[in-house]
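Please read the structure below before turning to the comments.
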């Protein structure tokens with residue numbers, strides 16, 4: 001088994017043939033707008049910079065709230081541990097691809113936000129995909145933000161209204177939204193079920209915005225980025241909108257399944273260590289697309305697996321593999337950014353080399369996406385991984401599930 005650890009810390013660079021660019025997009029400054037980070041194949045550039053992994057300090061505050069630790073102390077710790085890391089993509093680099101790009105909408109997990117899965121999203125982009133990593137506004141992100149109009153008093157005192165991020169527009173005021181914990185005595189399912197439905201709607205909205213961009217409709221990005229959105233319009237032949245998938249981790253895995261039920265434009269879904277609890281089982285028969293469950297060895301339990309098994313089908317491909325030596329946090333970027341003892345203490349690392357684990361997950365995902373999006377790439381070289389054919393994979397699950405519970 002691949003239990004050797006990487007000797008250096010940092011988010012691994014993408015391995016595909018394309019360099020990767022990224023930019024942020026917010027359409028409609030209100031809480032009801034669409035907000036996502038876009039990863040895409042780009043032109044090579046010596047001048048392009050890579051963005052900070054954590055965009056600004058409010059996200060550290062949100063992580064502290066989510067982990068129930070003091071903000072002042074945690075900000076210093078988080079900044080020391082993670083403040084210097086960059087995302088493996090070039091900020092606002094010009095889009096460039098040799099063929100129309102299939103599209104993936106990515107949904108983050110509970111307490112995460114749009115930048116924390118850059119190893120996965122950048123790898124997909126390096127292989128020729130356009131990936132929109134949504135930042136959810138259902139109060140499941142550790143932190144996110146939107147804007148409100150300035151009052152007359154604020155306009156008069158404009159120089160004194162602070163900006164939190166460099167891309168903040170001049171005429172609006174930032175409103176931060178932090179993770180909402182369960183209230184004392186509150187039942188969890190109604191909250192999570194409401195959230196998963198909103199999250200799926202936000203994934204669908206992100207797809208609709210990409211479709212509008214592709215058609216050349218005039219859209220105003222609220223954020224002040226340097227990216228040229230016109231390069232994604234139809235004459236540039238940028239997006240293959242017949243080949244669209246949805247993908248997510250944990251709560252995002254459940255979101256992917258909810259989105260498949262709501263939107264048939266998603267041709268298939270990849271659920272990374274999905275947390276099935278938020279889903280209403282009555283939707284399961286209405287999900288008609290192929291689904292690939294990629295699980296960690298240490299997170300899953302019988303009740304969760306049995307709910308995945310209820311999506312089994314004799315006519316629609318539903319696949320499941322488990323990566324040996326992995327934990328639930330083997331999918332977000334945190335796993336690459338902590339040393340062995342801190343990583344294992346905080347359950348951010350398993351026994352397997354984190355780069356090997358994410359490589360297996362990414363290759364298996366690419367093979368599945370090629371199969372079900374009708375792509376003509378070379379990802380089918382990794383088809384055996386879909387069936388768990390590797391020393392570091394388990395076909396199906398390591399969890400014992402009684403047949404009566406399915």
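Here the Cβ of each residue, glycine as well, is placed from N, Cα and C on the backbone.
Quick look at what TrEMBL annotates:
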type	residues	note
ACT_SITE	250	active site, nucleophile
ACT_SITE	273	active site, nucleophile
ACT_SITE	328	active site, charge relay system
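A map of TrEMBL features onto the structure.
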residue : record                           : Cβ neighbours (10 Å)
250     : active site, nucleophile         : 24
273     : active site, nucleophile         : 28
328     : active site, charge relay system : 22
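Rounded to a whole number, the C-alpha distance linking the residue listed as 'active site, charge relay system' with residue 273 (active site, nucleophile) is 7 angstrom.
In this structure the alpha carbons, written CA, of residue 250 (active site, nucleophile) and residue 273 (active site, nucleophile) are 5 Å apart.
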